[in-house]
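Asker: Mind having a look at this structure? Questions to follow.
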Amino acid sequence: MDRNEGNSDVVKSTGGSNENETLLCDSPGDGKGKRLWKKVKYQLVEYHSLPAYLKDNEYILGHYRAEWPLKQVLLSVFTIHNETLNVWTHLIGFFLFLSLTIYTATKVPYVQNSVMKTADYQKLHAELMTCLPSLPHMPDMQRLREELKTSIDLLPSLSNWHIMELLSNCIPESLSHSNHTDICVLRSMKEDVANIIAPLLVRPITRWPFFAFLCGAMFCLLSSSTCHLLSCHSERLSYIMLRLDYAGIAALISTSFYPPVYYSFMCYPFFCNLYMGFITLLGIGTILASLLPVFQTPQYRNFRAGLFFGMGFSGAAPILHKLILFWHQPEALHTTGYEVLMGVFYGVGALVYAMRIPEKWSPGKFDIAGHSHQLFHVLVVAGAYTHYQAGLVYLRWRDVQGC
Ligand SMILES: [Zn+2]
């Protein structure tokens, strides 16, 4: 290994982990030399002196950490080197998405059908009118109303719909001639009314696809941030961290499909299951493939890029399908607008990343700030945030309209 030779300017730790803490308490015998020695202990090195597994971008010339002990690597999150902004762009992104998850769980309301649509109201009225006269006669109107009210009160979203007023209006006419009470009749009448109103009930729309996406985004951002912080420690840790990074990317892409696919096709279970199953299997397959050592080799760079690109691009199919099904609904266009914007962010990010702009134009100038990987990170967070906004539109759309 030419590693030690290469790192000749990196001074290795010489002893216990408390040395830094005891630095100021050294006895005079230890001398100024030792103090100075410790201050320069973990110097940053240049590209040409890196071990092969850390050589990734020859346009970033300096400010590398190489094979530091884990403690120093962890502490380097607060120091300046060429990975500082790579770590922080995604760490801040992680905290942004953590906040969005908490905000979504606690503050984003379920938009209930506070106003029943006129068409539904008329339908309910018509069905009650045709059904009620056929029901057996019932003399005890007060009791009937109370029974119905208790059963209807169990359905919270109906409480605002003035069902009781509607029933009060139509029942006396239908049942004015009745003169006996029968508990079985009462039960059957409740069932009939429940059967009429059940299809009109809009239940709260499930949030799990949206939270799955938020978890995927948090996992991706945190694993990427950790990967950038720790990879320089050793070849073995770098290997593990890269896999974690790939798994994070696959998780973000897969879970990004969940809200658009689920909320677009929740009324078309076949397509919903088809798209969800497809992307989940593709995501799991990518994570498994990334565990193979060969996946990371330069020969597989195109395969790797193609796989992630293919995963992302296959999102075009359900989006086009959604537009065909719901082209006349503003929410379909609104969400598609966000999805196109997200595609632009990810696309420009991938392009900048692949072309290594701008450091290629001026090697060494962007080592600390402004190199392609940092721009790529910011664009990924922007793309994921755009997707979050689209997710909110989907939630409101389905909350209000149901299927
Ligand atoms: Zn990265």
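In case you wondered, yes, glycine gets a Cβ from its N, Cα and C as well.
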Asker: Which of these, HIS228, HIS233, HIS321, HIS328, does TrEMBL list as part of the Zn(2+) site with HIS373, HIS377?
Answerer: HIS228
Asker: So if I exclude everything within five residues of the ends of the transmembrane segment (307-328), which remaining residues of that chain have a CB under 8 angstroms from its CBs? That is, six or more out.
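Answerer: Same-chain contacts beyond the flanks: 249-250, 253-254, 256-257, 260-261, 264-265, 268, 271, 275, 278-279, 282-283, 286, 289, 335-336, 339, 343, 346, 350.
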Asker: Which bits of the chain, at least 6 residues beyond where the transmembrane segment (210-232) starts or stops, bring a Cβ under 8 A of a Cβ in it?
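Answerer: Long-range Cβ neighbours of the transmembrane segment (210-232): 54, 64-68, 70, 73-74, 76-77, 83, 86-88, 90-91, 93-94, 97-98, 100-101, 104-105, 238, 241-242, 244-245, 247-249, 251-252, 254-256, 258-259, 377, 381, 384, 387-388, 391, 394-395.
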Asker: Under 8 Å between C-beta atoms and at least six apart in sequence, can you list the same-chain neighbours of HIS377 (Zn(2+) binding site), or say none if there are none?
Answerer: LEU85, ASN86, THR89, HIS90, GLY93, SER224
Asker: Please compare the binding-site residues HIS228, HIS373 by how many other CB atoms fall within 10 Å of each one's CB, and tell me which has the fewest.
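Answerer: It is HIS373 that, of the binding-site residues HIS228, HIS373, has the fewest other Cβ atoms within 10 Å.
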Asker: Six or more residues out from either end of the transmembrane segment (340-357), which same-chain residues have a Cβ under 8 Å from its Cβ atoms?
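Answerer: Tertiary neighbours of the transmembrane segment (340-357) are 57, 59, 305, 309, 312, 371-373, 375-376, 379-380, 382-384, 386-387, 390.
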Asker: Neighbourhood of the Zn(2+) site (HIS228, HIS373, HIS377): other residues with Cβ within 8 Å of the Cβ centroid, in order?
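Answerer: Other same-chain residues with Cβ inside the cutoff are GLU83, LEU85, ASN86, VAL87, THR89, HIS90, SER224, GLN374, PHE376.
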